[in-house]
Amino acid sequence: MREFLQKHGLPFLLIVAAFALAALLGDVLLHGLGLSWIGRYLGIPGVLLIALSLVYSIRKRGRSAKGVSPALLRWHEGAAWLGSLLVLIHSGVHFNAVLPWLATFAMGVNVISGLVGQFLLKHAREHLQPDAATGAGLQPSLPGAMALEAISGWRRVHIPISVAFSVFALGHIFSIFLFWGWR
């Protein structure tokens with residue numbers, strides 16, 4: 001158990017902490033330079049990056065005939081990560097209503113869920129590698145089967161979390177269009 005926590009738990013916590021620290025530093029930097037007004041607009045490219053990251057999910061679900069490549073998975077992870085970071089800097093600590101709080105919380109849960117999926121996928125790949133010593137192909141194993149089952153269970157949780165984030169984010173965007181003082 002200790003080895004598992006050192007190999008998987010500690011890196012996971014460090015990545016989550018680095019994400020939170022990057023968002024905090026981005027917000028502090030904007031405020032320190034007197035550019036906090038820029039944060040108001042960082043939500044737009046952030047949401048666009050998150051939306052573009054969904055290309056992977058659409059292809060994964062078979063809605064496109066082109067298939068899914070590992071590069072597209074890396075694009076999904078990177079675009080969603082950067083988009084979420086921009087949205088988090090956008091939100092800063094300036095919550096004036098419940099809906100932005102809910103959207104930010106749901107986005108944070110979604111990012112953490114995505115990281116869990118990333119670690120599960122890495123774990124599954126480690127247990128499903130071809131046996132180089134014997135030259136045999138993929139060998140079914142209990143840890144490998146359990147890893148694939150964990151990924152399947154994770155998807156059943158991650159997709160509703162993503163939908164909840166989308167609903168809150170769209171509600172926030174709609175309320176901005178409705179109530180923002182357009183000139």
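Placed from the backbone N, Cα and C atoms, the Cβ positions cover glycine too.
Per TrEMBL, these features apply:
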type: TRANSMEM; residues: 12-32; note: transmembrane segment
type: TRANSMEM; residues: 38-58; note: transmembrane segment
type: TRANSMEM; residues: 78-95; note: transmembrane segment
type: TRANSMEM; residues: 101-121; note: transmembrane segment
type: TRANSMEM; residues: 161-182; note: transmembrane segment
The transmembrane segment (12-32) in contact with the transmembrane segment (78-95), cutoff 8 A, at least 3 CB pairs, sep 6+:
yes
Do any residues of this chain, six or more beyond the ends of the transmembrane segment (161-182), have a C-beta under 8 angstroms from a C-beta of it, and if so which?
47, 97, 99-100, 102-103, 106-107, 109-110, 113
